[in-house]
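Here is what TrEMBL says about this protein:
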DOMAIN    4-347  domain 'Aminotransferase class V'
BINDING   Arg41  L-glutamate binding site
BINDING   Ala75, Ser76, Trp101, Thr149, Asp168, Gln191, Asn233, Thr234  pyridoxal 5'-phosphate binding site
MOD_RES   Lys192  N6-(pyridoxal phosphate)lysine
Amino acid sequence: MKKYNFSAGPAILPAEVMKEAGAACVNFNNSGFSILEISHRSADFSAVLAEAEALVREIGGIGEEFAVLFLSGGASSQFFMAPMNLLDDSGKAVYVDTGSWAAKAVKESKAFGPTEVLASSKADNYTHIPKGYTIPADATYLHLTSNNTIFGTQLAEYPETDVPLVVDMSSDMFSRPFPVDRFGIIYAGAQKNLGPAGVTLVIVRKDLLGKVDRHIPTMLNYNTHIEKGSTFNTPPVFPIYVMMLTLRWVKAQGGLEAVAKNNEEKAAVLYKEIDENPMFAGTVTQKEDRSLMNVTFVMADEYKELEGQFLEACKAAGCMSVKGHRSVGGFRASIYNAMPKEGIETLVKVMQDFRAAHA
Ligand code: PMP
C-alpha cells in the first residue's frame, strides 16, 4: 500500500529528490565518494552551494541587494539572530502574534530592544489572523509568521508598508510568489518545503546590517556568513545538497506561480470535504485565513468520541501523521509542495467512507 506522509515537519519531499539523495549517499557525482564524506570546501560541494544559491535567487526573484545564506540552528535561532543584528535601544521592533512560533520570536526580541506586539489572536487560540492594525512608520522592522504551522492559518497577503518585513516563512517557503521588495529578512527552517532538517535558509537585505551598537558573537553575525559565503564554519553539507535538489524540483514544476496554483487546487479539495462532510469541522474561523499548507480540522461535536477511530482509518488507508499538534488536538493534514494530489484524494476518500459508516 502506498503511504502518504501528512506530517508537519520533517515532512514529505519529492520522491525523485529522495531517490537522488539516496544515490548520492553512495556515490556522489561519480566521484567514488559519498556526499556524506566530502569536504565542504571541495569543488563538488562549492558547486552545490553555488547552484542552491542561484536557484533560490531565480525561483524567488531575489536580487543582489539580498544575501542568501544557509545556516544551522533552525528557524528558532533566527528568532534571536534577527533582532540581535537589526535592533537596539534606538529602534523599535513590531510583531504580529499569530501563533506559538510568533510568540517565541517576540520573547527573544525583547532581549535586544523595544519590542511591541501590534496585534494578537492569542485570546481566540490563534484561530484567525489579526487584521486592521497600524504599522508605525518609524518601526525598525515588522515581524510576521507567514504560515502558522500549528494553527493552520496563513497570511493571504503581506501588508503594504515601507517598514522592512522580517518573516518566518518556515512552513510556506516557496509555496507561492511573494513581494520580495518589501522584505528585510526571510528565514525558513528547511524541514517542511525545502529539504531535510539541519539547514535554515536566510535571505537578508544587506543594507540593514551593521547598524546596531553591540558586540555580536562571530557565529551570530549575518555579516560573518555573508563574507564567507556560508562556509565560515562547516555548513550542513547534506541538508544543503538535498535543498538544492528540492529547488531543482520546484523549478521543474514551473516555479512559484505553478506551484501556488497546484497548492491552491490541492487545498481546495480538502477544505471542500471538511465543509461538506457533517462529521468534520474546520478550526480556522475566517476562510481567507485558511492555510494552504497545514489543514487543521476537528471531529464535529456530536462525533467527538470517534476521533481515535478516524485516525485509525487514516492509518489503514496509508494516510500517516494526521493527528493535530499536541497543543491543539484534532487533526492536521500538512500538504506541502511535495504532497501529490493522490494523497489528498486518498484522505478525502477516508473522510467520505467514514461518513458513510458513521453519520
Ligand atoms: N517557525 C515555524 C512557523 C515553524 O513551523 C517551526 C517548526 N515547526 C519553527 C519556526 C521552528 O523551526 P526549527 O525547529 O527549525 O527551529
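For all residues, glycine too, the Cβ spot is worked out from N, Cα and C.
Note: the Cα of Gln191 (pyridoxal 5'-phosphate binding site) and the Cα of the residue listed as 'L-glutamate binding site' are spaced 24 Å from each other.
Put simply, Trp101 (pyridoxal 5'-phosphate binding site) is 15 Å from the residue listed as 'N6-(pyridoxal phosphate)lysine' when counted between their Cα atoms. Around Thr234 (pyridoxal 5'-phosphate binding site), the same-chain residues at least 6 positions away in sequence with a Cβ under 8 Å from its Cβ are His40. Taking every protein chain shown into account, Arg41, Lys192 are the recorded positions, and of these the Cβ with the most other Cβ atoms within 10 Å belongs to Lys192. Taken in sequence order, the recorded positions Arg41, Asp168, Lys192, Asn233, Thr234 that lie near ligand 1, meaning a CB under 6 Å from one of its atoms, are Asp168.
Annotation for Asp168 (pyridoxal 5'-phosphate binding site): spatial neighbours Ala75, Gln78, Phe79, Trp101, Ala102, Ala105, His143, Leu144, Thr145, Ser146, Tyr187, Ala188, criterion Cβ-Cβ under 8 Å with sequence separation of six or more. In this view, the densest Cβ surroundings among the binding-site residues Ser76, Thr149, Gln191, Asn233 belong to Thr149, judged by other Cβ atoms lying within 10 Å. Here the binding residues for pyridoxal 5'-phosphate are Ala75, Ser76, Trp101, Thr149, Asp168, Gln191, Asn233, Thr234. Their largest Cα to Cα distance works out to 30 Å. A straight line from the CA of Thr149 (pyridoxal 5'-phosphate binding site) to the CA of the residue listed as 'L-glutamate binding site' spans 35 Å.
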